[in-house]
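Below is one structure, written out as structure tokens; the observations come after it.
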Amino acid sequence: MGFFTDAYDLFSVSLIADLLGRIYYHSADGRLPGNVAGAVSGVALCGTVLGQLFFGWLGDRMGRKLIYGVTLKLMVVCSLASGLSFHNKPKCVVATLCFFRFWLGFGIGGDYPLSATIMSEYANKRTRGAFIAAVFAMQGLGNLAAGAVVLVLSASFKNTAAYDTDQLGQADYVWRIVLMLGAVPALLTYYWRMKMPETARYTALIAKNLKLAASDMAAVLDIDFVSDMDAEAVVKQDEFGLFSMEFLHKHGRQLLGTTVCWFVLDVVFYSLNLFMKDIFSGIGWFGDAAEMSPLEQTYKIARTQAIIVVGGSLPGYFLTVLFVDRIGRIKIQLMGFTMMTIFMIGLAAPYKFWSKPSMHAGFAIMYALILFFANFGPNSTTFILPTEIFPTRLRSTCNGISAAGGKCGAIIGVLWFQYSHTSIRSSLLLLAGCNLVGVMFTLALPESKGMSLEDITGEMEEESEPSQESTVADVEFIHSVEI
């Protein structure tokens, strides 16, 4: 539910940005001034970058559970405060909104590395990928929920008697309620987050408290996790730091690979989601916005997003959950980047061709297929891999670095679409090039399917467990020597 909230908060702002333009800047088509639009779209992403780095590092120092609660409180407070950005001057309203959106993004940033790390450290090696992918799939449901909430609120307020006399006043309620509702799913999960025990891997490998780790795992899974025989093996591990030459030698290439892949993926993914309205407007999908009422335009934008999410994004998330532990992370990531490139070129090359009204449905199908392969591909796997291929004491930090790289890509995508004044066709071709870069850097990453976290990272150099036959032979040999 943390990821559900994250997606709702990050993607809902693109649906209500046109209302801000109409209410506070009296724009006929809802467009915000360039600098304001960039700030509204990108400020939460800037906070997310810093939150991923800070809370990722803090999660490895103070524990996953403690920091997990802090991020949730921050998200709840800032979601509510975002909707309460009141003032009589437009600049002050937007400045207050951006202030709270920044700190909302800061809290969301902490949720990325902590959610992934907690899930990876609790799951077993056979189904670990599916469980982490299921956590990430909530991003799709959160995106859909944002569209659904905007649809319901727009339709409800549009059909009231007050809307006929005060369209902008009623629209002002809509965007505030949409943003404030982001606090609801976070509040609903607070109790269970606080009851969740610390992960056993953190307690055993970092806090060095083996008895507590065994007790926590027994409470969660009803099994014995660490025996006395394993204690020395668990404690004896390398203690190199993030900036050491040993880390650079063992994990430097992997960290570069996960960061760059997430970077180029988010350039594409957030551009396609946050600027879906602009891309579809380029082919005449919505008609003339100046002839629509504020909530009518918002309703059409939210409906389009909901269709694309249901038709493309959600199936991609769920197929990843089903197949990531069968096919493997690397194959899915390579397939996703490749297919996104193909379909993106298919959209961009004949872009004017799609402007014909009879071809609009085909354009939407192609667009949905790009997001399908983004989610049944690198959008899911870039989240999974950093939680598996780095050692426990640096897992949250490295995941935060990789995720921060991704959000830097998202910021660049926002700035590009907002300020480059490049045609939509050229921008789509540029995004296709980003996918090809992702293909190249994916080849530098190791496959982690079906392996324990300790086997992947080489944290504990333990002898493999002897088979039943060898155990019996050893016992007989020892017995004969004793005689």
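The backbone N, Cα and C atoms fix where each Cβ goes, and this holds for glycine too.
If you check TrEMBL, you get these features:
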type: DOMAIN; residues: 1-450; note: domain 'Major facilitator superfamily (MFS) profile'
type: TRANSMEM; residues: 37-59; note: transmembrane segment
type: TRANSMEM; residues: 66-87; note: transmembrane segment
type: TRANSMEM; residues: 93-110; note: transmembrane segment
type: TRANSMEM; residues: 131-153; note: transmembrane segment
type: TRANSMEM; residues: 173-192; note: transmembrane segment
type: TRANSMEM; residues: 255-276; note: transmembrane segment
type: TRANSMEM; residues: 301-322; note: transmembrane segment
type: TRANSMEM; residues: 334-353; note: transmembrane segment
type: TRANSMEM; residues: 359-377; note: transmembrane segment
type: TRANSMEM; residues: 398-418; note: transmembrane segment
type: TRANSMEM; residues: 424-445; note: transmembrane segment
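Highest Cβ contact count with the transmembrane segment (93-110) among the listed stretches 37-59, 66-87, 334-353, 424-445 falls to 37-59 (criterion: pairs under 8 Å). Relative to the transmembrane segment (131-153), the listed stretch 301-322 leads the set 173-192, 301-322, 424-445 in CB pairs under 8 A. Take the transmembrane segment (37-59) and the stretches 66-87, 255-276, 334-353, 359-377: counting Cβ pairs under 8 Å, 66-87 has the most.
When each of 301-322, 334-353, 359-377, 398-418, 424-445 is checked for Cβ pairs under 8 Å to the transmembrane segment (255-276), 398-418 comes out on top. Looking at the domain 'Major facilitator superfamily (MFS) profile' (1-450) alone, the prediction's average pLDDT is 85.
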